[in-house]
């Protein structure tokens with residue numbers, strides 16, 4: 001459809017004219033005329049809702065809201081076209097078969113072996129070995145090898161050695177969805193463990209010998225403690241209400257030596273509503289500080305983030321400080337349980353703060369343990385009541401921790417944002433379906449590609465320049481400040497206002513520091529090479545050879561040319577009073593103020609929203625977009641001189 | 001950009017030939033200028049009753065008046081106190097923290113100050129028009145606007161030396177009554193007289209700029225904190241008294257600037273990421289872009305260890321290069 005206008009969210013005066021295309025996998029808006037022909041690509045999988053607004057004199061407005069928080073406002077000239085687009089998008093955004101999803105047609109031009117290698121990058125058996133299991137106390141159980149005991153669990157689960165198959169099966173019958181207690185994290189320093197399950201089907205008075213034996217086995221697997229914490233992450237009222245439905249929580253009287261604790265994180269419906277309210281605040285046009293703060297508080301979002309974090313801290317403390325094992329559950333053990341276990345693991349073990357470790361953590365506590373990705377994130381059209389930003393909240397907890405501990409994580413904010421993006425994008429097969437069983441049935445690994453391999457390949461973009469493995473922040477357990485600490489929770493505008501460039505610092509400190517580090521390293525390497533050559537030359541006694549010494553002004557090479565107009569930013573609308581005066585635009589770049597970075601020649605970010613034809617969203621992965629970290633072009637002259645010098 | 005105090009129009013709409021001529025010399029034939037009055041239109045009008053007022057259009061035809069009310073005086077001090085109380089209150093749970101923060105209104109004041117300064121900057125840079133700023137006395141919100149606008153517009157004000165010069169000019173020599181404004185802190189239980197944290201508000205706005213433009217200021221947070229400290233209690237005479245006349249004690253005190261600029265001291269205040277930016281820096285004044293200045297308001301409440309370590313790491317990386 002031609003002559004479509006794309007409105008700018010912050011400044012409604014700025015609209016670009018272009019053509020709208022609908023393909024099998026994307027919505028694409030291509031700007032008219034401009035040399036750059038900027039394109040905006042949106043995957044159908046990302047579309048959360050489409051709103052047709054009242055026709056005005058200028059046309060029919062269409063609002064597309066995405067799961068990655070991009071909001072696109074289009075104005076279609078003809079009502080008829082608008083309606084057609086609307087109907088099409090509704091259908092395209094609600095696929096009924098997995099095969100409709102992008103991951104089945106996405107082709108990064110890798111061969112079969114590379115695809116396979118990509119899937120092998122994260123290996124959970126290796127991970128459990130790293131933790132120190134199996135060992136004297138813990139073993140792998142194959143009781144679920146055909147998913148016969150629990151279809152949402154993986155085929156391989158780790159259980160205490162004293163937990164026989166009989167006990168496991170018996171316990172699984174007493175647990176909601178048959179999700180019996182299994183190992184999530186083992187701390188080899190003190191043998192304490194974090195286990196996870198779903199709620200027991202205890203009702204008001206039911207008991208199950210095998211389930212009680214299971215908990216006892218877990219407790220005994222930790223000789224350093226004579227009791228076990230059982231943490232129910234639900235609010236007490238909800239847990240009690242579940243008893244009326246034949247479920248509930250563990251009675252301390254029935255289970256020997258347990259200490260029971262409610263932590264009170266709200267359910268998926270509350271979280272869904274909370275996010276909704278927060279996004280409404282984000283959509284306010286020119287809100288006052290009051291509107292914003294009230295709206296944010298009213299949504300309760302940060303309160304929920306803190307609740308999850310507090311739960312993780314409690315469990316981490318139990319393990320690291322008290323040396324006590326913890327069994328965590330919620331209702332079904334696949335939402336709050338996953339959040340809380342992974343936060344606790346992150347606090348306890350620095351490995352999970354590395355890039356690889358983080359991928360492993362998600363693979364372990366979310367993917368393998370049957371978090372319902374399809375239902376929660378709407379891969380396929382389904383029950384809207386199942387949709388909830390569960391993993392988004394976990395990812396935000398990680399970001400909040402990164403803000404408090406800037407040196408502790410090997411990866412940066414962009415890494416988190418891209419992971420969130422791809423959980424919804426269905427461009428890769430990692431987060432499809434609701435369980436390992438379903439994914440194997442669909443042969444995901446043979447038909448799609450792994451996100452982890454893709455991120456790993458581009459890991460230079462995701463590094464945190466402040467990370468050092470030997471830094472005090474990176475070793476050992478992370479302890480966020482406890483009360484008072486409310487003020488430590490910030491609104492994550494990098495995520496929820498991700499696409500509003502005007503809101504973010506124009507210059508990325510992360511990218512700059514990475515570029516500096518890389519150049520320092522290159523220079524050091526060069527220096528080393530030169531030293532060696534010099535030594536060799538001196539050895540071969542070429543005394544009469546005139547050594548050319550090139551004085552190079554290294555400080556200028558980083559290309560910190562801030563007089564570059566591309567750095568210029570534009571004022572937002574501070575006032576309406578200036579309307580009567582025609583605004584004269586000086587040469588300070590009133591054009592697109594895209595989030596360019598200082599050393600723009602050095603690093604091309606693989607952020608999907610920055611590049612025009614995003615190499616992550618288009619059907620073909622354009623490897624040429626990934627420019628090597630080369631020095632700016634002013635060096636090329638010097639290079640040839642050096643080549644002459646060194647060749648002798 | 002010019003600054004002054006309110007014209008003494010009074011209830012009888014007095015005129016002053018000399019004042020009109022003076023402002024007339026600023027603008028060429030046919031040029032327009034802006035008057036930014038930091039009081040609301042209503043307050044400015046009411047000021048006539050007590051002998052003050054605004055520039056009537058008829059007498060100053062080339063000047064368009066814009067009202068941008070900025071909080072000052074007792075209300076601003078109370079806002080400051082409320083914020084400090086909210087930060088120190090350990091009983092506040094997450095349910096109520098943001099509304100406590102909001103009810104102090106401090107961040108709203110930051111937003112308003114930045115917006116007004118940007119407006120002044122926009123008039124000059126985009127409209128290429130001259131700007132006259134005043135409130136009532138010309139010693140508080142006026143200086144906030146003119147000083148902030150210069151940081152936004154002028155790269156030399158963003159250097160360490162340039163910033164000090166800006167402070168000298170726009171705050172100290174311009175006669176901001178530091179002694180009256182900073183005689184008691186927000187923790188004090190003394191009866192409020194003329195305290196008002198305008199200077200702190202200015203420093204907060206500069207901090208917001210440093211966050212949004214991490215490469216564009218030659219100095220870092222530490223300088224801003226030091227200035228805050230010294231405005232209230234100082235071993236130096238720089239922020240003493242209320243104006244230059246009173247400050248003739250100058251001979252018997254030491255200058256803060258002299259100490260700050262000593263090579264050993266100076267490097268503590270530098271921003272390792274600094275790279276001179278010749279352009280105007282236009283901040284975003286959306287609520288998401290304005291944050292609580294934790295380094296100041298939570299200074300004694302939360303540990304800055306991890307952030308300090310991060311800065312040390314940044315320093316390391318830059319120096320290594």
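Just so you know, glycine gets a Cβ as well, placed from its N, Cα and C.
The range from A:485-512, A:513-540 that TrEMBL describes as coiled coil is residues A:513-540.
Apart from the site residues A:267, A:268, A:330, A:331, A:332, A:333, A:334, A:335, A:336, the chain places the Cβ of A:198, A:233, A:234, A:337 no farther than 8 Å from the centroid of the site's Cβ atoms, the recorded substrate location. Sequence-distant neighbours of residue A:336 (substrate binding site) (same chain, 6+ apart, CB under 8 A from its CB) are A:233, A:234, A:265, A:267, A:308, A:311, A:330, A:390.
DSSP classifies residue A:336 (substrate binding site) as helix under the three-state reduction.
For the domain 'Tyrosine specific protein phosphatases' (A:299-343), DSSP puts the residue distribution at 29 helix, 4 strand, 12 coil. When averaged over the domain 'Tyrosine specific protein phosphatases' (A:299-343), pLDDT in the model lands at 97. For the substrate site, whose binding residues are given in the record as A:267, A:268, A:330, A:331, A:332, A:333, A:334, A:335, A:336, the maximum C-alpha distance rounds to 12 Å.
Contacts of residue A:334 (substrate binding site) defined by a Cβ separation under 8 A and a same-chain sequence distance of 6+ are given as A:152, A:177, A:179, A:198, A:369, A:370, A:371, A:372, in order along the sequence.
Within 10 Å of the C-beta of residue A:267 (substrate binding site) there are 15 other C-beta atoms, taking all protein chains into account.
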